[in-house]
Amino acid sequence: MGKSQKKTAKGRLDKWYKLAKEQGYRSRAAFKLVQLNQKYSFLEKAKVIIDLCAAPGGWLQVASKTCKPGSLIVGVDLAPIKPIPNCHTFVEDITSDKCRSQLRGYLKTWKADVVLHDGAPNVGSAWLQDAYGQAQLVLMSMKLACEFLVAGGTFVTKVFRSRDYNNLLWVFKQLFNKVEATKPPSSRNVSAEIFVVCRGYKAPKKLDPRFTDPRTVFEEVQEPVTNVDAKVFHPEKRKRSREGYADDDYTLHKTVLASEFVTANDPIQILGTSAEIVFPKDDEECQRLYNLDVTTEEILLCCSDLQVLGKKEFRDILRWRLKIRDEMGIGKKVEDEQKTVVEEIPEMDEEERLDQELQDLSEAERVKLKRERRKANQRKQREIVRMQMGMLAPMDIGLEHEAMGEDSLFGLATAEKHGLKELENGTLPVTESVDEEVSTDNEVEYDSDDERDRLEADLDSMYSDYTKRKAESDVKYRVKKARGDLDDEEWNGIDNGTESDDSQIAETNFATPDKDRLTTSLLDKGSTKDGLSRKARMFFDQDIFDGIEDADADVEIMSMNRAAIKKREAELASQNNDDGSKGDQSEDSNDHIEVVPVASAHDEDDDWNSDSDNDENNVEIVTAEAMTLAQDIASRRKSKADLIDEGYNRWSFQSKEGLPDWFLDEETTVNKPNKPITKEAVLALREKMKALNARPIKKVLEAQGRKKMRTIKRLQRVAKKAEGISESGDMTESEKAKEISRLVSRATKSKPKAKPTLVVAKGPNKGLKSRPKGVKGKYKMVDSRMKKDLRAQKRLAKKGRR
């Protein structure tokens, strides 16, 4: 009787099968996970693991042995799984919602670090269907993993190599940072399985449902339609098909009748797909084409093999076809005679004709008024923009001469003629428009001052928002803007307040009200009474500046009074030297002069002098120009008069009132005096910066201060002890002196630094990476090589001294 032999299909009973039996694993697939973990190391750091399609539980056994104690491991499958230590299992379909709810019950608020999937459908004889089913199962497992994976998590799955493999890889790469495909050694070579390890889950806030839709992921891409024109007009670029025969077409040599080619509407399609144009003898139409004069031997030779023809031959065949169609009258359109229909218009009576003319005139007038209104609105819009941009007088292109016409702002005669209401209503343009072409689409009306003010405020707010955003992002611009705000105040001359009251009265008597004047100052209109801009006025309106404003006003009044007193004293001194007649005149002229009582200015002078001294002491030289000027003054190359003369230049009295901020920001970079600098000033400033940079840092200064304080406290304690010793009566004077000197020497003597212990690297200490046994404190590993090097260095140093 023969011995029964156990079947080993596909070599299933290999060494991995035997090793699984020896080590207690439930399946040989456990070694696949072991080898994957050895390569990528994703199980050691995982605290929560989900195993999909986990039966019979080989991967759960590996996870239980490899993960940290206390890790949460959950397995799910359609088949029941026998209990495994430290693992939770349940029976459910991974594509169902019930499976998701049970997983949430196990995980609570946790997220999984690793999701494993080693599932496959029941494989039969239909390989294509089984491969698609496995790819669909992988897609469902990935959908479940994306729901429970933590950011940066790992997903390991098994995939069959098929036509859908590349589509799955593309989806994985969209959701994970690193995607690698590998085949562990324990996987059979005859198997089509391959394992994909996806690491670094991106955790998008919202997952596109098309990534988990099998119909979208595995949709077949339609192949591009063959370009037949390229085969005819570019035969040298023709590519041979390497994908076999077309569907339902198993012939390579295609023929077409000459009559069909001539009468066809798409001859290029026929030339690109056919191999020969034939003239059969049993076809009368083809024989008639064959006997024509245009059908030459060359044409017949070209029609015999279309696959080897070039561009010139194809064009000859197409010309031959056109000639035949012209001779046979094929394709000519029958032109019907156009019949002109004459429509009789009934005659109109007198009333209807008048009504029609009135309607036409009113329509023409309406169109004319609409065109004029559109031009006026467009002109107003352009003028408002020019006023905002400061372009009232374009001097660079000579338009100021055109603007001096009868409709200009400075045409006073025209303004008087038409009245002030024309100016108030805005019908009189500020400057003559250069371009009268207007857009028919945009009609903007600004009939009130409120609209113009609103537009101006919007433009100012837009530019201020831009500067704020730039200041937030650029620190240098913020510092530059802060410095520029300090320099915005311009000097308007000395105002001592000593003008005659008579002149003021005369000015008030002869001055006309602003509402009756034709020419007004546009700059004074936009400025405030104190000369501050709108943004500065809003800043200084805060409550914190209430007291400061009054103090500044008091100081200004005091300075004006002091200047008036000095001038009054000078006038009185000059009057005493004049004769009597002049004295009488002076008495008459002084009748209306208000005499200001003299206050004690001693305290005020002291205050001003103290402030000036503080200002002079706080001046710092931080630029090369300032250093050059300081050196010139110190070396007496420049005097005070020279500096005053240099102060009179074209930048001294520039008016910034009424100019937009964007223009001022651009002008400050170029419109400034270029002061010379010297090499010595640059070097001196550089040395100053080096000295500043050479200062110790804050931590070093603090450490030095702490050390100094400790020394002071220690000396204070020694002084107290010495005082106690000196006051004691039990010791002699010599003993007191010795004890005090001993205390002082002990307090001032610094502790010597402990030298590191030398440990020779030999014996048990050879190649030691940690602290040697029995060694405390600092230590240093030495060997014979270092000893020889030290001796050599000493020898060379001694030789160099000689």
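Just so it is clear, glycine is given a Cβ too, placed from its N, Cα and C backbone atoms.
Taken from Swiss-Prot, the feature active site, proton acceptor applies to LYS158. Applying an 8 A CB threshold to same-chain residues 6+ apart, the list for LYS158 (active site, proton acceptor) reads HIS117, ASP118, GLY119, ALA120, VAL138, GLU193, ILE194, PHE195, VAL196.
Sequence annotations record features per position, and here Swiss-Prot assigns coiled coil to 347-389.
Annotation comment: Swiss-Prot describes 579-591 (among others) as compositional bias 'Basic and acidic residues'.
Non-local neighbours of the compositional bias 'Basic and acidic residues' (780-792) in the same chain are 756-762, 765, 768; each lies 6+ residues outside the stretch with a CB under 8 Å from one of its CB atoms. According to Swiss-Prot, the compositional bias 'Basic and acidic residues' annotation covers 780-792 (among others).
For SER362 (phosphoserine), no same-chain residue that is 6 or more apart in sequence has a Cβ closer than 8 Å to its Cβ. Feature annotation from Swiss-Prot assigns phosphoserine to SER362.
Annotation source Swiss-Prot lists region 'Disordered' at 423-451 (among others).
Annotation comment: Swiss-Prot describes 487-513 (among others) as region 'Disordered'.
Taken from Swiss-Prot, the feature region 'Disordered' applies to 569-591 (among others).
Summarising the annotation, Swiss-Prot assigns region 'Disordered' to 718-802 (among others).
In the three-state DSSP classification, SER362 (phosphoserine) falls within a helix. Along the coiled coil (347-389), the predicted structure has mean pLDDT 84.
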